[in-house]
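Q: Below you'll find the structure I mean.
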Amino acid sequence: MFVDRARIYIKAGDGGDGAISFHREKYISKGGPDGGDGGKGGDVIFVVDEGLRTLQDFRYKTRYRAEDGQNGGSSNCSGRSGEDLIIKVPPGTLVKDEQTGRILADLVKPGKKVVIAKGGKGGAGNQHFATPTRQVPSFAKPGEPGEELWVILELKLLADVGLIGFPNVGKSTILSMVTAAQPKIANYHFTTINPNLGVVNIDAENAFVMADIPGLIEGAHQGVGLGHEFLKHIERTKLLIHVVDISGSEGRDPVQDFEVINEELKKYNPVLCERPQIIAANKMDVTGAEENLEKFRKVIEPRGYKIFPVSAASNKGLKELIYYAAQKLKELPDTVLVNDQDNEVVYTAVEEEPFNIRKENGVFVVEGSWVQRLVRSVNFDNYESLQYFQRAIRRKGIVDALESMGINEGDTVRMYDLEFEYFR
């Protein structure tokens, strides 16, 4: 089964804790602090592996975690950084943040590497907190947690040419005739429910990948008839071959069929309407096809479309269609969802204010990424560490901000898991 969507949890490694240590040496009674820093946590890195074709592996394993950094040691020895976790994905994989829907990476080129979750920084050892008035600091900072999130992986087919059209117009038959693919073929709608891929070999030096996109119907852009699942596979094809049942064997008008499919493409993503299209007027061996073809040409050809009369069942006209498609592909650029410059910077948080304060049910709530890191890094059972915390929030302007909001002695302040009464 072709798997094109997966949901996985990724967790970067936590940073190692800084060490609390003091120099010990014979004949030296009072050595200074020499606690080393914790190591950085490992990153979660996605890499494009051209040998992979599906997301099948992610159906069986859904949780991935990089290695934590090691704690610091004595004698100013830093902890070892955690190993990065490499997750291999097939070309064409789109990585999205499940919570925000934001595209984190569009992974196309083989070997492309993107850091999706960054490892936490290692905590500072007590050697960093020595001052003229605090020469033997008895506290250090713990490591910061690594980033964690649920991501959605979507595999958008890396086909050069996509066969589109209503169900049962002959797309699968065309694919089976011009490639070695063996799609399921039957005379009813939605025979194809997963995309089929095949390689079209023109000659020893020229070949391209063709995808049989499952049939679209009116309302596909709203998800009707599995429309969303089918439409997303069209987005990265360079060229579309629009297959039309020119015989009208199912009672539909070929011109109307053509209009409906293009309207669905436009409503789903207007960019798809600009994708070059070749028209394969299929089922020319059926009674009434010649008459319908002339009517179809009069309406569609003036718009600049190239029309190829074909009969997939008898393999007539397909060679001309395929050779023209191969020539057209040479003239077209590759298509991607986001450009490479976007890929170079991914999952970079928008710069936030260091803190914000609001009053909630009489409690002053202080939040912000800097505040969260500070609270996590302080040992409130250690007096020196507590003093460090008090000086830090004063230097950052939190105390002044609280007083400007009218805080009084004895009022409650909450900083994430920390809650305390305010006193000057």
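Heads up, the Cβ atoms here are built off N, Cα and C, so glycines get one too.
Grabbed the feature section from Swiss-Prot, which reads as follows:
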DOMAIN    1-158  domain 'Obg'
DOMAIN    159-330  domain 'OBG-type G'
BINDING   165-172, 190-194, 212-215, 282-285, 311-313  GTP binding site
BINDING   Ser172, Thr192  Mg(2+) binding site
DOMAIN    347-424  domain 'OCT'
Q: Which is it, of Asn168, Ser172: the one of these binding-site residues whose Cβ has the most other Cβ atoms within 10 Å?
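A: Highest number of other Cβ atoms within 10 Å: Ser172.
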Q: Using other CB atoms within 10 angstroms as the count, which residue among the binding-site residues Lys171, Lys283 scores least?
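A: With the binding-site residues Lys171, Lys283, fewest surrounding Cβ atoms within 10 Å: Lys283.
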Q: Of the binding-site residues Gly165, Pro214, Ser311, which sits closest to Ser172 (Mg(2+) binding site) by Cα distance?
A: Pro214
Q: Could you tell me the mean pLDDT over the domain 'OBG-type G' (159-330), as a whole number?
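A: Here the mean pLDDT over the domain 'OBG-type G' (159-330) amounts to 81.
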Q: Does Ser311 (GTP binding site) have same-chain partners at least 6 apart in sequence with Cβ under 8 Å from its own Cβ, and which are they?
A: Asn282, Lys283, Met284, Asp285, Gly317
Q: Looking only at the domain 'OCT' (347-424), how are its residues distributed among DSSP helix, strand and coil?
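A: Reading the DSSP string over the domain 'OCT' (347-424) gives 29 helix, 18 strand, 31 coil.
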Q: Enter the number of other CB atoms within 10 angstroms of the CB of Gly165 (GTP binding site).
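A: Gly165 (GTP binding site): 25 neighbouring Cβ atoms within 10 Å.
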Q: What is the number of other Cβ atoms found within 10 Å of the Cβ of Pro214 (GTP binding site)?
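A: The answer is 26.
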